[in-house]
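Asker: Can you read through this structure? Questions will come right after.
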């Protein structure tokens, strides 16, 4: 058959589905595999990247600082920064919050949607730039959609960086390849690719880098892809020359467009099909099975020399556009990498030994062997994702320290496979170039040597195109597999992990391409029965992968599920025990937390943070102190261990030592807000108020986004007599953390103290919207009680007691409201029940005294006051109040002398007790001791000069004295 052949020969095999149907199936598979992740919470890194990130969290303004901070909200130039510069990803988190708030459902929904888009774009990429069969493109995308290794990237919200970067990576690659497709469509090869698509690829690649650092590798992929496309461009040149009808000059190729001169067969024009790699030529024969790798090092070297030889004008004509593009792309990459280094402050991130143990090994051989083995281990995760874990640090993968370690066999096997695949691609390049140069008057020198090889004796243009089509799957698969993984390989710089499953999201595209290509080649070699069995096995594998992905989603639903899974999966990993212990500690499950902290220390005895956290759980202060000191021996600059040891010494009244340690904690952890609060509180206790305020101000300067620090500073300002400034800091705390109900309650109390009851009530109610807790209900009930709104107070206290039925203060407050509302029996019963619990409750006896007095049972009232006095309260004002109450009860029983003694005891303890002075005057008044009564009245009047009752009593006393004077005068006369 001629070159034209039947038109049907150039049709690309499909998968039996329309493109829309294939896309729907892929989207459905992606959603079904990851739909369970929609119920997930903010877990692990999500908390620090979203909830605690000052650039993202609710209330934080959208500011330009997001382009100067790292992924976690710290300044890129700071020493403590992680140096992960991903501003576009951070902006997507912020957009999520602006549109849907802090509901994690919508964060997960965006991740799943992005994964669906990546899957669809991958199918389109494979369809246009990799496979000749849409069915193979569909199979590749389906394998990618359900692969379990993607669970961390999709189900973990911070994995959005990998998923979105992958999407932009593919779009940049498609844009670049589209520009290459437009090269050579005219009569001559244009001087460069399409400027629009080339610039678009640069923009998309830059966006991919600004989403995650690995996105920059797309430029390397594009350049290598471009270079290996050179034979394809030569194909277009030679094809035009061969089909041109005019005469040719010897020694040169005449350029013509295959579209301008369509092939003819049987009088019909045949237009070659164009794909991203040039497509399949009409009439191409069935591909023969590969007979090996037809290449040698000498041939490859000769090929490279010929492609760069200045004497070959056709080669230069083909290479010149590539060189221009390469210079442009490389220059642009150098500029953006320089910007990346500049914004990092010229320094690399600092990691600890537990993050990446191999990188801290003093032996080059250990580092080399371990790094090499980790490459094989990552490939194994792609091939058999059976064991998956959210963290692979600290002992998960022991170091490879000797060449006799059997794990080196996996490394050697991977190296051999990668070498064979690479040579496979070079063979295709050689075959294409050789065939294209044959027939020209001046064949390159390397061709003379290679033509001695029998395999190339009959090569022509069609076999060149055939070889190119046969090997491009391997090329693109290798590019997608290798380049995106380079930043995580420790090749150029130390990374902060041993293995991270989410970094395999992009490289897995290459794995999927190679896997499907390998299956297709196996099918061509097997008989029909064998091919059917292979396809059935592949379908079973896809189902197993889907099941594994669905099950793995459950791991990411909550902090507990995630951290518990780490302990179950990698029990020899100290880091997962430490993380699980932290969770248990937060939940108050201290006994379990202690067990896992100690397990972590058994596995990694130098874990300073585990020692520090274990110390916080020790009831024995001496034991806790030993843990803190051991942590500081391992890590003298551990700010939290310094902080905890300082607080422990503060509780032991060793305040100067505590101050020194807390200052050290601030020195080594300038962004540790709790250290500022604790030190300032300690200085305030020592009445060093000026120093305390300086510490608070320094803390707010270094930790401007700490809502707790603003709240604590507000408390300090209230105590210092600056309520207006305090209100501003309370409000700032609420702005930084809209759920900071403690700051809201403090604002309510502040406004209550200023007499602004409406504002106080508003803030109390806002706090209740955040946390319907007894601690928040109590001040609102007190507000209602003190403003005479007893029904509302009763309702609030009933709810508070229902929430915390064992809290004595709440039950006592409820009893007080009941007593005021006249429900004295119920109030008495509740108060007596509190007393019967054995607690020394001074206020209970005072309330009982008031209840008995209201019931006119003065003996019981007097007995209750005596019980209160027996508790010997330390506050003299409180004792004065008790004596005053006792005097009132004695006065009601007409025991005036004893009542006078109680009043006298009250004013002796508190001379400002005006009511006691007045009552003493009243007793003396009744007893006819008018001069003494006047003295007491006048003393009381000095304390309360506006008292009408005192003035009336003095007026009565004046009238009595005047009447007595008149009587005396009459008696004398």
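Backbone N, Cα and C atoms are what each Cβ position is placed from, and that goes for glycine too.
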Asker: For the annotation transmembrane segment in TrEMBL, which listed range does it cover: 157-176, 237-256, 257-276?
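Answerer: Going through 157-176, 237-256, 257-276 one by one, TrEMBL gives transmembrane segment for 157-176.
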Asker: With TrEMBL as the source, identify the stretch among 31-63, 64-96, 196-228 annotated transmembrane segment.
Answerer: 196-228
Asker: Does the transmembrane segment (371-390) reach the transmembrane segment (502-519), going by 3 or more CB pairs under 8 Å (6 or more apart in sequence)?
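Answerer: Contact between the transmembrane segment (371-390) and the transmembrane segment (502-519): present.
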Asker: For the domain 'DUF1736' (346-418), how many residues does DSSP put in helix, in strand and in coil?
Answerer: 35 helix, 0 strand, 38 coil
Asker: Does the transmembrane segment (474-493) make contact with the transmembrane segment (196-228) through 3 or more Cβ pairs under 8 Å, each pair 6 or more apart in sequence?
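Answerer: Output yes: the transmembrane segment (474-493) sits against the transmembrane segment (196-228).
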Asker: Quick test of the contact rule: Cβ under 8 Å, at least six residues beyond the ends. What residues does that give for the repeat 'TPR' (673-706)?
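Answerer: Sequence-distant neighbours of the repeat 'TPR' (673-706): 54, 60, 73, 639, 642-643, 646-647, 650, 655, 658-659, 662-663, 665-666, 712-713, 716, 719-720, 736.
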Asker: Give the nonlocal contacts of the repeat 'TPR' (574-607) in its own chain as ranges (CB under 8 Å, at least six residues past its ends).
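Answerer: Those are 44, 353-354, 389-391, 393-396, 559-560, 563-564, 566-567, 613-614, 616-617, 634, in sequence order.
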